[in-house]
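K.L.:
Sharing the features that Swiss-Prot gives for it:
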- GLY80, THR83: Na(+) binding site (BINDING)
- 10-30: transmembrane segment (TRANSMEM)
- 41-61: transmembrane segment (TRANSMEM)
- 72-89: transmembrane segment (TRANSMEM)
- 105-125: transmembrane segment (TRANSMEM)
Amino acid sequence: MVSPSLRVPFAVALGAIGGSLSRYYLSLWFAERFGPSFPYGTLIINLSGCVVMGWFMTVAMERPEISPEIRLLFGVGFLGSYTTFSTYELDTFSLWQQHRFATGLVYWLGSCLFGALAMELGILLARLWR
């Protein structure tokens, strides 16, 4: 039996293994099937992760018999490593459910904009350190 203090990190880590392997092999499959000219795998993975995250979190919150460890294993571990996009959309939707529409919109657009800028910064830093 796992120590109570290790249950949370164990659940997240165990779920992450399956999520990351699923993402990896599905990405390969889509690239082999449709070619590398468009990131179909990433698109399908991100969208399917959002559907599954929405379904799972709705069901998990309505059913107390689903333990916190199972929520963490699947919601944070599996889906978090399958796609972080689903978590991003869940956070946005949560803000909107709280009627914090402006905050949700700023978060949603800001994540896209600042994510692109952060990517550009990372590229710039990598080029500077060559």
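Keep in mind that glycine also has a Cβ here, set from the backbone N, Cα and C atoms.
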K.L.:
Which three-state DSSP class does GLY80 (Na(+) binding site) fall into?
P.N.:
helix
K.L.:
With Cβ-Cβ distance below 8 Å and at least 6 positions apart along the chain, what are the contacts of GLY80 (Na(+) binding site)? List them in sequence order.
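P.N.:
Non-local contacts for GLY80 (Na(+) binding site): VAL12, GLY15, ALA16, GLY19, SER86, THR87.
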K.L.:
Determine which residues of the chain contact the transmembrane segment (72-89) at the Cβ level, with the cut-off under 8 Å and only residues 6 or more beyond its ends counted.
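P.N.:
Distant contacts of the transmembrane segment (72-89): 8, 11-20, 22-23, 45-46, 48-50, 52-54, 56-57, 60, 111.
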K.L.:
Which residues does THR83 (Na(+) binding site) neighbour through Cβ under 8 Å, counting only same-chain ones at least six apart?
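P.N.:
Correct list: GLY19, ARG23, ILE45, ASN46, SER48, GLY49, CYS50.
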